[in-house]
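Reading through the structure tokens given below for one structure.
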Amino acid sequence: MAGGVIVSATAGKDYPGNLTLHVFITCVIAATGGLIFGYDLGISGGVISMDDFLKKFFPAVYRKQSLVHQSVNQYCAFDSQILTLFTSSLYLAALVSSIFASYITRKLGRRASMVAGGVLFAVGAILNGFAQNLAMLIIGRLLLGFGVGSANQSVPIYLSEVAPHRYRGGLNMMFQLSITIGILVADLLNYFFAKIDGWGWRLSLGIALVPALIIIIGSFFLPETPNSLIERDHHEKAKEKLIELRGVPNVDEEFNDLITASEAAKLVKNSWRNIIKRQYRPHLVMAICIPMFQQLTGMNVIVFYAPVLFRTIGFKNQASLMSALITGIINSLATVVSIFTVDKVGRRALYLEGSLQMFICQLVVALAIGLKFGVNGNPGDLPTWYAVIVVILICIFVAGYAWSWGPLGWLVPSEIFPLEIRSAAQSITVSVNMIFTFIIAQVFTAMLCHMKFGLFLFFAFFIMVMGLFIYYLLPETKGVPIEEMITVWKNHPYWRKYYDDLPSPKQVELA
């Protein structure tokens, strides 16, 4: 079954299946859907630190940050709601599209959402690359957001459904690896394109077309997941695909459980209405809290405002882009570490270690910036050793995020939802992620201006809270088949109370 509460499950099932070359290549291709999200995260922060871009679209910001007088408060140099709207408008659009994508994912299959996401992102990239005014720029950003929302809704589900349960963690995390690679490529291109006077920013924005084409073309070579085929009553084809993906001839037990899950899911006519029922309370809490906390780590602030942040703490333009490139490399390498460890040490261990590491780094960064910049934002001359220390601290923070909350924020929600609410619940996950990404992106420069070094203490507080949340409320899901996930909730000391006296499948209400 699909891990839901309306089908009985027995702990300890171990479906046969191998990590075949076919399933590995399938997951690699599907995971490239993360490239569009990562490329945008990296490219937008670099572009808004390019003088030519600011002069054309945000001249007031350019004049403010170009002042060389020591009286200028560096905390507030980039405080502009119009500038942050350019960055954050994408995430508002992604929120909306993820909701509509849930219908496409369920009715037309996971691949259809991927293709739609790629096409929308490609159109947005073209508009941004040729933008002549702010309106054209924002419309392009909105289309990029529609593409990101569609891809982020479908790709994690696809990976969790295709992967054998023993390798699901590592294979699913390739989505986050693609995001980090997208960020790294964007940082690298920003560094070189910033040297092109007049139109380097157009190249940075326009080359977003490339990752869009990768996901569009790649999606046509992907098989549909057995879960999706069964959901749409293509049972024979689903069994053929399951045999191909598992690399063994006998998949009867898993196939029968998938059919049972699908039949139970069909009793639920409205997944959006049913997800608020008591038996889905653990899933709803995780669908909201995990993506919310993922954004409250402060990581996305560092990613898409890294060049701005580094300029604020004293780096010149090229040096700030180089520092952002360094953090991008650390991000990718640390994500690789998580791929090889998540199915060995488990989800909880990575979550808790990463939370502790990020908490300490935020405190020390706050102390370092507070001592040098104070509350007036005028640091005077910054010594090289100081800048190096700040970069090292941020790299340690990035590494902690990249092997914990970064990939796990996509993995865990995609593997815990039962089939009957999976599309709707994943849409909630993406929507909450984008809501908080939008809010933080929109208010970050204002928060930096008003909270100053206290901004890092703000994020440190939430990292402490989210660590406690994981410790007390998230069960371990390592090695549990996605169809058997109900067992981890039934056995959890807090969540098991929601599974007392559950109705049988025949008693489930038709919504």
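A Cβ is built for glycine as well, from the same backbone N, Cα and C atoms used for every other residue.
Any TrEMBL annotation is an automated prediction that lacks curation.
Bear in mind that the values here come from a model prediction, so they are computed numbers and not experimental data.
Residues or ranges marked as transmembrane segment in TrEMBL: 21-39 (among others).
As annotated by TrEMBL, domain 'Major facilitator superfamily (MFS) profile' applies to 26-478.
Long-range contacts of the transmembrane segment (82-105) within the same chain, counting only residues at least 6 positions beyond its ends with a Cβ under 8 Å from a Cβ of the stretch, are 40, 44-45, 48, 57-58, 61, 112-113, 116-117, 120, 134, 137-138, 141-150, 152-154, 157, 228, 304, 423-424, 426-427, 430-431, 434-435, 437-439, 441-446. If you look up TrEMBL, you'll see 82-105 (among others) marked as transmembrane segment.
Annotated transmembrane segment per TrEMBL: 112-131 (among others), in sequence order.
According to TrEMBL, the feature transmembrane segment maps to 171-193 (among others). With a cut-off of 8 Å between Cβ atoms, the residues of this chain six or more beyond the transmembrane segment (171-193) that come close are 23-24, 27-28, 30-43, 46-47, 50, 155-156, 159-160, 162-163, 200-201, 203-204, 207, 211, 303, 306-307, 318, 321-322, 324-325, 327-329, 331-332, 335-336, 338-339, 342, 402, 406-407, 410-411, 414-415.
Counting same-chain residues at least six beyond the ends of the transmembrane segment (199-222), those with a Cβ under 8 angstroms from any Cβ of the stretch are 26, 29-30, 32-33, 35-36, 39-40, 43, 46-47, 50, 52-53, 111, 114-115, 117-119, 121-122, 124-126, 128-131, 140, 144, 147, 151, 158, 182, 186, 189-190, 193. TrEMBL lists 199-222 (among others) with the feature transmembrane segment.
Per TrEMBL, transmembrane segment is recorded for 284-308 (among others).
Taken from TrEMBL, the feature transmembrane segment applies to 320-342 (among others).
What TrEMBL records for 354-373 (among others) is transmembrane segment.
Positions annotated as transmembrane segment by TrEMBL: 385-403 (among others).
According to TrEMBL, the transmembrane segment annotation covers 424-447 (among others).
For 453-474 (among others), the entry in TrEMBL reads transmembrane segment.
Across the domain 'Major facilitator superfamily (MFS) profile' (26-478), mean pLDDT in this model comes to 84. For the transmembrane segment (385-403), the residues of the chain that approach it from at least six positions outside its boundaries are 176, 180, 297, 299, 302, 310, 313-315, 323, 326-327, 330-335, 337-338, 341, 350, 353-358, 361-362, 364-365, 368-369, 372, judged by C-beta separation under 8 angstroms.
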